[in-house]
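Visitor: My questions all concern the structure below.
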Amino acid sequence: MPSTAGSRLLENYRPPFDATAVRKLRESGAIVVGKTNLDEFGMGSTTEGSAYQVTANPWDLSRVPGGSSGGSAAAVSARQCMVALGSDTGGSVRQPASFCGVVGLKPTYGRVSRYGLVAYASSLDVIGCFGSSVADSGILLGAISGHDKFDATSSKRDIPDYASQFVAIDYLESKPLKGLRVGVIRETLEDGVDSEVISSVRDAVSHLEQLGCTATEVSLPSFSLGLPAYYILASSESSSNLSRYDGVRYGNQVFGDELNSLYGDSRAQGFGSEVKMRILMGTYALSAGYYDAYYKRAQQVRTIIRNSFKEALDNNDILISPAAPTVAYKIGEKKNDPLAMYAGDIMTVNVNLAGLPALVLPCGFVEGGPAGLPVGFQLIGAAFSEEKLLKIGHIFEQTLPGCSFVPPIVADE
Amino acid sequence: MALTLFKGLKSNCFRWYPSVYVARKHGVLYCSMRNAQGQTATTQEKQHTKLKASSKKESGKLEEILKNYEAVIGIETHVQLSTQTKAFCSCPYNYGAQPNTSICPICMGLPGALPVLNSKVIGYAVKLGLALNCKLSLNSKFDRKQYFYPDLPKGYQISQFDIPIATGGYLDVDLPVEFGGGHRKFGITRVDLNRAGVPLLEIVSEPDMRTGIEAAEYAAELQRLVRYLGVSNGNMQEGSLRCDVNISIRPIGQLEFGTKVEIKNLNSFSSVSRAIDFEISRQVLLHSQGQADHIVQETRLWEEGAQKTVTMRKKEGLSDYRYFPEPDLPGVTLTNEYINEIRDSLPELPEMKRRRYEKLGLSMQDVLFLTNDINVAAYFAATIATGADVKLAANWIMGDIAAYMKNEKLSIDDIKLTPKELGELIASIKAGTISGKIGKEILFELMAKGGTVEGIIKEKDLVQIVDPTEIEKIIDRVLVNNPKQLEQYRGGKTKLQGYFAGQVMKETKGKANPGLLNRILLEKLNAKS
Ligand SMILES: [Zn+2]
């Protein structure tokens, strides 16, 4: 099966091996039906950055599905497949899950082998799961998790049986989440976040309280630092990871008189503008004289963020935030405003910087499109606490009243 | 990146599959050394001085000028490790194999492939770090060094930048006697894990060397060390051990360093030494003629044919490799237990061996000969382990055996004489079973054809005649058969004693005990006068 990563440079590339996650799925009996669209090399939040097609949101075909793994989210949302994989470097599974009204799970860094995943930013990249239910997402995670000798950063921790702890609604106690401490991140419900999104998330928190949780507000003062730190680190690593696409081995080689022009011209024609911009940013941030001011400081911010999450999660079982500041927006709306698009990643990038697991669940609707637009909220847990997140999520989705997250184009059939 | 799945995914059919990857067994090291490759700096330098001597008259003036300068020399050495597999994948690696015959997605740098460190590499680095008396970093890490190059599939090299695995050590070197001898201690700045694909260690010295000889001996000692440790075959011609030299000169007394020039393409210890001497002369001449600004920071290439260095590339500022921590590899964490385990398993190192042999009463020349080549060292050690006299064993090895190896172009592992039989031979001579002369004959036979000392003695009936009455009988016969000579002897020509002794030896096929023979012969010769 060709693997293009949404880039012209890999237009005819067929990998000679399966990614470990895919191999494990095949070994578990899964049937792979295809690959889906994404922003080129995972760089984007709308899937408009694909070199091939623009993917539409099943809830409103004039809107983006989110990104970068927008194709997978849209496919699950439109019930074209049971479950799908995506890659989450700064929110690329969770934000499209929110935009498309499906479940999106970003595991702890190291839970799933990255072997075979086309690298964007290696220290942040995680393979994530899409499903139309928490149960499906949990089963998918169980199948792909585990140590892999081909990925030195994969964890050797045991894999819990994620599916076994799901309790059907008829067997739930009246307060099934009694004693659970929920911290609502104050900085994620302030200015710059759509008020309807805020009220949906607050409703979700109320629902959790009805299930027995104790919810308090927590402050993560370093939260806003995550976005610039993320873009510096991700761009830096990607500028290095994309060096291998030099026109010699992949893509359409552009004839050059000398080596540098061969490299330069092949890359100039093969990469899209967003990718080029990030390579430039990353190269700049790693250059002598700028390294300390950019890359090194971003690493220091990363440590601060990791510590502040650790502290908040020592006092709370889970943390809660919106999955994105808005619901799905119009195709083309932010295409010429990259900073506005980047700002949309504020809810998710911190979790990647801290390496933590997070689950995005649809929790409500905002007016728009033919039948409203789904809103997702994010549950963040301590490292390797996927089991807990899935358990809470499963109870939440079964007990949330009056919500069916099936898009009208599917429901009407 | 993204992928969709259809129904058919059932939670009860998940199985934990045994991985298809099979770990390779490590451990084959090849340290055997042919004579042609078994160079030591010492043997090659002899030739070098001869070459230089011929042009001494012309350069007499230069020699005078050179006395006013000192050179500052540091060496960066790359040692190719003799692991069975490449550094970051399980492809076999052998020197001399066709390039790209064993490749996989990892070493091809295919999208999605990730490096996994061959743990053997860490063990080798720790060994070398300990052997170089370094401080080991309990936590070191890998970094990416980035540049575009056709042979670099990923556009970066995995190396260690700011936290190398070992730092701050030293290397003991004993200079050869013919160059004035002396002990030197050269500082080691760092040992780091370096380069993708072929596993390499980089060893950076302090700028502690002052002459070509010192630098060549440093490199030779490093080669010895990696061979003793079994971490590399250390072969310079193959490029398993590569030395890049940094050299600057300054007037004696000046504290600040001169402009540093790098020399590459040094394929033997003698080229290290000669390139440095050439470069010192070149720089000193420029400096002494007021052209110090013509010494520029650059990389120069040693041209073996022309015996000179030429500009390869000028350095215009420092290259920006945009180093950053390698996110695909976790940091390298060493525990004290692990380090101690390796320390306890280290073999006796050249420096320790030299000091021990010195204490056994061997001269420095003997010590160097017997320890420079790991195979010779092992042969000597095995010989004295049979109880053979240390000094005699050394003499045999350095004398007749070394000469034979040189003539026949063999390494010590190729000769058929085993250390056990050499021990036997030495013992047989000492015990008087055979004479020294016969011992020598047997030695050559054993070296060429093998066999045992006992077997040859029996086969050829070579046991020494130590019975005085038997010797006396033979002497009598010789005297009777040579009346003329006897008369001359008794007439005062006492030199003829040798003639009679020779006749007796001829009669006994050399088996007569020489001491006994001479004593009895002298008695007989003088008795009737
Ligand atoms: Zn390989």
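Positions of Cβ are set from backbone N, Cα and C atoms, glycine also.
According to TrEMBL, the protein has these features:
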{"type": "ACT_SITE", "residues": "A:S68", "note": "active site, charge relay system"}
{"type": "ACT_SITE", "residues": "A:S92", "note": "active site, acyl-ester intermediate"}
{"type": "DOMAIN", "residues": "A:1-390", "note": "domain 'Amidase'"}
Visitor: To the nearest whole angstrom, state the Cα distance for the pair A:S68 (active site, charge relay system) and A:S92 (active site, acyl-ester intermediate).
Guide: 5
Visitor: Relative to the Cβ of A:S92 (active site, acyl-ester intermediate), which residues of the same chain, six or more apart in sequence, are found under 8 Å away?
Guide: A:L38, A:D39, A:G42, A:S45, A:G67, A:S68, A:S69, A:G86, A:G128
Visitor: Taking all residues of the domain 'Amidase' (A:1-390) together, what is their mean pLDDT?
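Guide: PLDDT averaged over the stretch: 95.
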Visitor: Reduced to three states, what secondary structure does DSSP give the residue listed as 'active site, acyl-ester intermediate'?
Guide: coil
Visitor: Tell me, how many other CB atoms lie within 10 A of the CB of the residue listed as 'active site, charge relay system', whichever protein chain they belong to?
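Guide: 35, counting other Cβ atoms within 10 Å of the residue listed as 'active site, charge relay system'.
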